[in-house]
Amino acid sequence: MKLRACARAALRCIVYLGCIIGRTGADREHWNSLQENDVFSPDDNSGNSIKFHNKERPVPSDELPVLQLVENPDNSFNPTERDTDYRQLRRLLGHHFDKKFMSTVRPLESVIRPNGTLDFKLKKGRPKERRPNYIKFFGTPVFTGVGSQTSKLRVSRRTRKKIQKYLWSFTHCPVFHTWKDLGVRFWPRWIKEGQCYKRKSCSIPPGMTCRPSGSTSKTILRWHCRDWQKNAVCRWIHINYPIITRCSCAC
């Protein structure tokens, strides 16, 4: 029996190591493909970076929002006034322009609320979203495992609704929105980012925090100079900019 258990454990370790090696190789190939596209050269292979426009579906990540991109400080690489013609760039971006998340000038919202806004919408005293299952089934009989007995919360329906509403509001994780100025080498240069509010625990008992659970990708224009050398050919290219759209209470 001991030999059989050891054999099973060894087999699990081999499968686990194989998964890690395969995943690492896939990640390395993906990163190499991004470098070959020569969009830009970040310092590390982090998940919170701008991606080349390859039509990939965005994946929620704790590494959002995007870190500040390290740019070449030489102003000679900046687009000229002729390169920033609104009609030409608007036509180039096409249907990807989303005024809810983009702006060519500083939005009034960023002036009035420079620290950002909390997207916390209520309806009848509860979050204006789909009710989670752990709230929906709160108060239902729970199997204790002792003599096939169940434990039930013996309170009135009205009291149970109040408790559900309180727990839902307490564990709800709204998205915190801020407008970010990307600079003259991006168009539109103002992007509305999303962040998860992490100043307090969202669980009872404490321990869990709000983490990204949903994201989208917006296509914008990036002024790119090949190799970033003098007299290099520069042009506008399409890139995907990941944005957090939903947060959830998690470990």
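Glycine residues also receive a Cβ, built from the backbone N, Cα and C atoms like all the rest.
Keep in mind that what you see is a predicted model, and the values were worked out from it rather than measured.
The record in TrEMBL pairs Cys249 in a disulfide bond with Cys202, which is drawn from Cys196, Cys202, Cys225, Cys234.
Per TrEMBL, the residue from Cys19, Cys196, Cys225, Cys234 that shares a disulphide bond with Cys247 is Cys196.
Of the cysteines listed (Cys19, Cys173, Cys251), TrEMBL assigns Cys173 as the disulfide partner of Cys210. Neighbour density at the Cβ, taken as the number of other Cβ atoms within 10 Å, is lowest among the disulfide-bonded residues Cys173, Cys247 for Cys173. Over all protein chains present, the Cβ of Cys210 (disulfide bond) has 24 other Cβ atoms lying within 10 Å. Note: Cys234 (disulfide bond) has non-local neighbours Phe77, Pro79, Asp83, Trp223, His224, Cys225, Arg226, i.e. same-chain residues 6+ apart with C-beta under 8 A of its own C-beta.
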